[in-house]
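Notes follow once the structure below has been shown.
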Amino acid sequence: MKINLKSFFCRNRLYFVAFFIPVILLILTFAVMGIYPFGENQIPVIDMYHQYIPFLSELQYKLQEGGSLFYTWNGAGGSNFWNLIAYYGASPLNLLLVLFPQKLIVEGVTVILLIKVGLAGSFMAIYLRNTNKGGGIAVAGFSTLYALCSYVMAYYWCIMWIDAVALLPLCILGLNRLIDEGKTVMYTVTLALIVFINYYMAIMVCIFILFYYPVLYFIKVKNGGARRCLMTLGNAVGHSLLGVVMAGVMLLPTYISMQSTYYISSEIPEDTVFYNDPLDILNQLLPNAELTYREGLPNLYCGIIVVILLVFYFLSRTIMLREKALNTAFLVFIFLSLNINKLDFIWHGFHFPNQLPYRYTFAVCFILIGMAYKTFLRIDEVRLKHLWGLLALGIGYYLMAQKLLEDAVDDMDLFFYGGVAWLTLYCVVIAVYKKRLLRKELFVFLTVILIVCEMTSSACTSMNKVGTTSREGYFANNDDIRNLVESTEDDFARMEINDNYVLNCPALYHFKGISQFSSSINADTTAFMEKIGVEGEPGKNRFNYNQTNPVTNAILNVKYLIGKNLPIDDSDFVQIGQSGNTRLYENRYPLSIGYMAEDEIRTWDTENGNPFDVLDDYVRAATAGRYTGVFNESGCLSVAGSNVEITEEGSGIWRGAIEDLDLESKVVLRYRADESKKYYVFIEADNARSITVDKGSRADEIGIRNDCGSIVNIGEMEAGEEFSIVVDYEKGDIGEIEAHVCSMDESAWEGTYDILSENMMTVEEFGDTYIRGSVKADEDGVLVLSVPYEKGWTLKVDGEEREIGELVGDCLISTALSAGEHEIEITFRPPGLIAGALCTLAACGVLVLTCRFRKKRREKYEEEMAEYEEISALPPEDETV
């Protein structure tokens, strides 16, 4: 066993070297950037900060605690967790999170990122070594170019994308073997794994295969004829479909659920638009050009050595002209895809992404590095005059770029001097080798050293631009919050936090919450939340709880509220616990997850009016008109603007026009409290930089999130007290403002609450995918469940299944009940899960059978050939007369 293991490591040592080089370089980069344990920083930024860490934390929690992977109550009021896993958490490497304590979730994710980057290097090395002869240690250097290319360093925080980057080389190696030898297992299994891990990245991989297959086929097959062409194509198409079907257990349920997301609503653009100047795109191949991690140009840089070798690729005498022509045509097509909106739309799975453009350019880096490596193996063909000519042209280009591309480069000095230095170093090393002053082995080693140094420099500058966040700030009050959450675990009631510094706090801290920010969020639920005053918008794929009004809290079953650091000033909540500086509050007006309402609740209109109007109509419908509303609106006293001309367009709606585009703008809305009551503000201001409620002193200022409208509690106000809503804009920005200020009629709300709380459902048992309980109805009515509907829910009343028909507010599950006591049960299973699992099993079975059939056919062929050779080897019989 020891001998075999030693032999294994010896045979594959280059692949292990290719794994560890990028891992070590990335660790060095972390050390430079002060990433824990080298400092107090951490890698979560942007969406990794708000989405990926919380969702992976929830996955870790479920794996460690034995929870269901099908559904979670921890966010969005409840959501399909299988759907979340399909995009954020299906990588098998995420199982390693089980080994990490929950408080080290970020460190666990960081280790997984390192492993993925290492595998990208190792798998690229396998591809390069199996598609080219020779190279030695150079294969580890060129695989590092892939593992740490600008795409990876710009989007490393999108950790669920890196699996596809790592697996692409194996997938294309499998496609090579399918074309060359008819072997299909590697291609089929690798493609299935890519689809299973992340369906979104799989779309781009499949599109890449679709476009690249004819290039690869005609490069490899010279005289195959139409029959072989069609047979190989059929084999490739069939096993591509088989690979997709093998991922059916993940893909089919996800596809069904995704029909209700905002993503599905995208349409192909009618007009053709060209994005960028061609020179700007080509410039992205060079070191220290613009790194795009939000908006900008495509990330194409994968080492300046690649650019050098691409020039010599086209000058090589031993690389076939047909191969050059096909690869050139493919690169031109890629170039057009990066510049034409319709092609870019197709590459992104018939969808325009929200920021993070050109998400498929890792495949471009893969092709470029493959071409460069093939050229490097022919380095002896390079002529010195061509090399010095290239160096002169390169320096000339950099001199020109200083003048022409200043706006397309972040740091021109770093771009110019760094680029010229790396270009010169590579050219000098090649020249010294060409003059026979270096042995081949030493030349290759020096080239790898240069690659390591260049990619280390690139990784450090890239991470410095992307940035880091504070580890201490991210987990401030972590233990205290978890203590308070655990104290309420036996009660099925929703909880929220007054400071949602992370947009997925319910997932991060594992409490039954409302807030969620997710690409797979249900668009109907988001629209409902927006209508009742929760900050959200379907196009932004999120809704986020703010300390709001009692009606919204009751509708959403919000019973507990966590206050960080400072006490919560809200008479609707009573403090019931404390841990450190964090406090737990209980709602004075909590409704159960289910409650009885009048039949008129079906007439609740969520489409007309502002959120206060919608909530008033809820009160009317739920009480059958006994109360017609609880909010009283206060008119705006005055509207003033700085550098803006304001026009009133309706009740509580204003539009501004900028006077000077070079100046910042401000709009101030003034109000006066009509009565001594608690007041609430709903405001939505397009393109605002910040929104603040000014109550007269800095200590009383209330900041409001500026990108989505929401109802916010601004506290008790004395009659006659004045306050302002201040909306600030950046230079050149302005838009529509909608603002409403209301006080609450406490007696009307208390009367409404008394009616709704009279017949509430008692939860007797609950789990991740079900709730069981009972409710007593004094009279016929409608049971309203504070559970957003999505496909997969089953409702039973007194043991009999009922169809879930009309939804309250076009969102919440409900059913008619007669007077009396009833047993209620709701259960969830991802739609399409069973059918998807059967597809996976069937596809695996088909692959096994085809492999066995191919093996038997090959054995039979070999036996026949052996018999033929044996017969042919016999001496001829003597002829007799």
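Note: Cβ is positioned from N, Cα and C throughout, glycine not excepted.
Straight from TrEMBL, the features:
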TRANSMEM  12-38  transmembrane segment
TRANSMEM  108-128  transmembrane segment
TRANSMEM  134-154  transmembrane segment
TRANSMEM  161-179  transmembrane segment
TRANSMEM  185-213  transmembrane segment
TRANSMEM  233-256  transmembrane segment
TRANSMEM  296-316  transmembrane segment
TRANSMEM  328-350  transmembrane segment
TRANSMEM  356-373  transmembrane segment
TRANSMEM  385-402  transmembrane segment
TRANSMEM  414-433  transmembrane segment
TRANSMEM  442-459  transmembrane segment
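Remote same-chain partners of the transmembrane segment (356-373), defined as residues 6 or more beyond its termini with a Cβ less than 8 Å from a stretch Cβ, comprise 124, 127-128, 131-132, 135, 138-139, 142, 145-146, 149-152, 155, 158, 161, 164-165, 168-169, 172, 201, 204-205, 207-208, 212, 285, 292-300, 302-303, 305-306, 309-310, 313, 327, 330-331, 334, 338, 344, 347-348. Recorded stretches compared: 108-128, 134-154, 233-256, 296-316, 328-350; the one with the most Cβ pairs under 8 Å to the transmembrane segment (414-433) is 296-316. Counted over residue pairs separated by six or more positions, the transmembrane segment (12-38) shares fewer than 3 Cβ pairs under 8 angstroms with the transmembrane segment (296-316), which leaves the two as not touching.
Contact between the transmembrane segment (385-402) and the transmembrane segment (296-316) is supported: at least 3 Cβ pairs lie under 8 Å, counting only residues 6 or more apart in sequence.
Counting Cβ pairs under 8 Å that are 6 or more residues apart, the transmembrane segment (108-128) and the transmembrane segment (442-459) reach fewer than 3 and are not in contact. For the transmembrane segment (134-154), the residues of the chain that approach it from at least six positions outside its boundaries are 14, 17-18, 21-22, 25-26, 117-118, 120-122, 124-125, 128, 162, 165, 169, 284, 291-293, 299-303, 305-306, 361-362, 365-366, 369, 372-373, 376-377, 441, 444-445, 447-448, 451-452, 455, 458-459, 462-463, 466, judged by C-beta separation under 8 angstroms. Sequence-remote contacts of a segment are chain residues at least 6 beyond its ends whose Cβ falls under 8 Å from one of its Cβ atoms, and for the transmembrane segment (161-179) they are 91, 93, 113, 116-117, 119-120, 123-124, 126-128, 130-131, 146, 151-152, 155, 185-191, 193-194, 197-198, 201-202, 204-205, 208-209, 212-213, 216-217, 220-221, 232, 235-236, 239, 359, 362-363, 366.
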